[in-house]
Amino acid sequence: MASQEKCRIIDHQKVGPQHYKLVLASDYLSKHAQPGQFVQVKCSDTLDPLLRRPISLHQISPEHKTFALLYEVVGKGTNELTKLFVGENLDLFGPLGTGFQLDSQRNKHLLVGGGMGSAPLLALAERLTGQVSILLGAKTAANILAEADYNKLGHNVAVITDDGSKGKKGLVSDLLLERISQDSVVYACGPKSMLRAVAEICWQKKVDCQISMEERMACGIGACKGCAVKTKGGYKMACKDGPVFKGEDIIW
């Protein structure tokens, strides 16, 4: 169940060109949040911006009673977050949404992250056991996020960039084609074009696929209907029914 909390900031660092990592303390959120879920963040003490911003859970650490958010500065709300200091409190509502379903019957896991899509996959990678491969893609080397954190887990990490400035030159879906097998399960998050390519590959290979659809959200609880996703079962709300869906269920 979601809870509104004011969480103390433990750490706040710039980790990319326009990317920041917030580490916050919360016994409740760290205990109840699952990989793939998100929180609604109040970015300012004023009414401007009025709406909270949805940010996926980047890391979840029940043993330390902390969790982390990785965000990109894309507007006024996220720019306000950059002004926060360690020791201050951040007003959050969460955890929200339906996260990834861990498949304990499978031993081979492929995590596919494009750009900011690598953010929620780290929390998942920290929970998975067995053979775990991380496939990270971005436009340039500067936009490859959390690579060091993924490497610390001891999983196999492969990087690809659109311009070839880091790793191979190409798309992260190219890496997936090289590594996918019928005994694997795929988890993906990133731009919609990437997710569509991943879902199509998995459908062709008859491989189970879970994708995180990070749509624009306002309320975060399914009331405003602003984050509708077209599925074979009708329109679903990314904030409530998702953001994680089965790839085969999405109508692109």
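Positions of Cβ are set from backbone N, Cα and C atoms, glycine also.
TrEMBL does not curate its annotations; it predicts them automatically.
Among Cys209, Cys239, the residue that TrEMBL places alongside Cys219, Cys224, Cys227 at the [2Fe-2S] cluster binding site is Cys239.
Among the binding-site residues Cys219, Cys224, Cys227, Cys239, the ones whose Cα sits within 10 Å of the Cα of Arg53 (FAD binding site) are Cys219, in sequence order. Within 8 Å of the centroid of the Cβ atoms of Cys219, Cys224, Cys227, Cys239, where the record puts [2Fe-2S] cluster, the same chain has further Cβ atoms from Met217, Ala218, Gly220, Ile221, Gly222, Ala223, Lys225, Gly226, Met237, Ala238, Lys240. Take the CB of Gly77 (FAD binding site) and look out to 10 A: across all protein chains shown you find 20 other CB atoms. In the three-state DSSP classification, Cys224 ([2Fe-2S] cluster binding site) falls within coil. Each residue in the domain 'FAD-binding FR-type' (2-102) gets a DSSP state, and the totals come to 12 helix, 50 strand, 39 coil.
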